[in-house]
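Below: one structure, written as structure tokens.
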Number of protein chains: 2
Amino acid sequence: MAKALPVSPLALPLPNLTTVPGVRLGAVAAGVRYTGRTDLMLMSFVEGTTVAGVFTRNKCSAAPIDWSREALKHGRARALVVNSGNANVFTGQAGVTAVEATASAAAEAVGCAANEVFLASTGVIGEKIAYHRIVDALPALDAGLRDDAWADTARAIMTTDTFPKAARRDTRIGNTPVRIQGIAKGSGMIAPDMATMLAFVATDAAIPHETLQSLLRDATDSSFNCITVDSDTSTSDMVLLFATGQANNASVSGPADPALAEFVSALRSLMHELALMVVRDGEGATKMFSVRVTGAVSNESAKRVALAIGNSPLVKTAIAGQDANWGRVVMAVGKAGEPADRDRLSVAIGGTWIARDGSVVEGYDETPVVAHMKGQDIEIHADLGLGQGEATIWTCDLTHGYIDINGSYRS
Amino acid sequence: MAKALPVSPLALPLPNLTTVPGVRLGAVAAGVRYTGRTDLMLMSFVEGTTVAGVFTRNKCSAAPIDWSREALKHGRARALVVNSGNANVFTGQAGVTAVEATASAAAEAVGCAANEVFLASTGVIGEKIAYHRIVDALPALDAGLRDDAWADTARAIMTTDTFPKAARRDTRIGNTPVRIQGIAKGSGMIAPDMATMLAFVATDAAIPHETLQSLLRDATDSSFNCITVDSDTSTSDMVLLFATGQANNASVSGPADPALAEFVSALRSLMHELALMVVRDGEGATKMFSVRVTGAVSNESAKRVALAIGNSPLVKTAIAGQDANWGRVVMAVGKAGEPADRDRLSVAIGGTWIARDGSVVEGYDETPVVAHMKGQDIEIHADLGLGQGEATIWTCDLTHGYIDINGSYRS
């Protein structure tokens, strides 16, 4: 698995990153599993930092997920420790011992309570993690923390990722300028071997825990919860949002406070950008595609139909083959198990309506659709003709590259 | 799409087929879409033949599905017309016109009412079907029907199938010998282009419609409803069971009649054999695998977990790569959305327990599992440790061949 993968043809360069007052960070090669690269990162946060988090719904969650979910109840954070190479999943009591020792070592290094330490791990599952290497590496890592090491941390958390992922927004709360900056990893929606989705976002805004949690949940719903690579949900997915308070903005009354309007919009936009980077690094991906469903009986129903289309192996292979195979979209709508009426269904690709109200458009000219299918960003739109519900999801094609990456021996 | 695919390495030869008294059949090259091969088959049934059917749950069902579902209400059959090459799906009013004309022509040829004619189509979707070619071919096809043309019909209904599929059982009802014989097609659980699953089974037993329907539903639940290739459900899936009554067995009182015990067992076994042939011809398949889930809270829950494992692209690619990646099984159990407890979960591959009660077995020796993974029939077993529910499903691996078949242009 440590073999180098070719960089995704959909890769994006790192943006121009900045600092987030109240956050210091760094990365080191601790040798958890990989050799010759960084695999451990530490962020420390100034006293008073609040935190919000969302976690995988997979029932076989990782030990660090359990730890961080518990720590979140206190709502405050001083440190975040993330390793790549071993996910510490399905490791029983040994996994619990590992997270306790890691949190304890980080708390000592940073000077805080263990329940102010957040943990995430990603990599192979079912193998005991060499946590002593993490514990041993933490003091020197802490001593070398800087405020400008964001790109280093983005690289340290990569597994089967082929490019590092980060995004930045400069926004305001009321009249006070604030920043938001984050890193992410992921290249399958998941592959428990190596490709869990993780995102860590920090802002210098002052926002109480409960409000922050509400903002994060909302922004996750329209970003990471709208992407899929292979329909498989990791045991370790996690998104954390830290607010250091260093911007000294006026206090906010709650998630609906009008002073938060620009911040909310910037946070959503940043998280959406990070999520799309994960899709762009989808294992074996050569094309991204969005699926927009309108006219459903509800937004929830629209999303389920959109995911049925986006996760269909037949739709995904058609996109890879540049085949405007709208019949497979019809099939996927019908199999979703949601209200749908064949005779009201319409399908467009790249803005061209191919089928309307249950049959192909009279005189349908395939030319613009064929041209659209040759691009890297494909748009599928299905209108169910039943109601006002709508949703959009983003995913990637299914190619020989996916089989190559996931069908080879672990080594 | 008409290009020749290499025969599946899991292919089986046709069994020694026989006749079913009361059934005459034949196939012809009608030129619906393919050239140089048969693509239309007709079965005619003696007067008094009863019929049972189960149909796809896809909401965008084909016009022939709608027709046959309606015809089934009368419970009697005199003819079955099946074409390959065009599925007559999402064709609006033109599709309705096509099925009416086809049924009417078949009724005239065979000498029965139109509602005693059953129809099935498989192939490309969204294109109007050249039904005149079917109508024109029916009289000569009918004139040439024989009682021993089962292999011909098995070939005529193939699309992306790489081998014809048929099975036979000799059994009894009470002391009267009866036969069951059937053909099937399918190589994806579906591909609306070309690979819908169809099965047509006939027996010379005398069984009333309601009883036959109950027996078919039961046998489908443990056969065709337990297989998956790519999680995509066709718009055209259909299983029909015809009973000609020519065996002159004593009348049966209902599905639970003790005289039916051997027949029920033979029917289940035959349908299971046909279903596994579809898996063996799964697009690109190089290995079959079964997923057995035990210890679930119910049989239904066990089946949903088994399907989550069997449909996981990560599990399927691991099987293709001969990788005993039990971590992906753990992930798939956790993502199924069914009751599961990480710390009670156990996983075995090829009969060797790898993980028990939430962590890897102490001293686990991979040797027998590695050997098992090199075979063509792989067995995965997950025990949830919660209750008495259990289920088994059958599927195949996900390989480059699947991408080749489904990622190329229609032509």
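Just so you know, the numbers here start at 1 and follow the chain as drawn.
Using N, Cα and C of the backbone, Cβ positions are placed for all residues, glycine too.
Lifted from TrEMBL, the feature list:
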type	residues	note
BINDING	B:T159, B:K185, B:T196, B:E283, B:N406, B:S411	substrate binding site
ACT_SITE	B:T196	active site, nucleophile
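Taking the features listed in TrEMBL, we show where each one sits on the structure.
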residue	record	DSSP (3 states)
B:T159	substrate binding site	coil
B:K185	substrate binding site	strand
B:E283	substrate binding site	coil
B:N406	substrate binding site	helix
Local Cβ density at B:N406 (substrate binding site) - other Cβ atoms counted within 10 Å: 29
Filtered binding-site residues - B:T159, B:K185, B:E283, B:N406 - keeping only those with Cβ under 8 Å from chain A: B:N406
B:E283 (substrate binding site): tally of other CB atoms within 10 A of its CB: 30
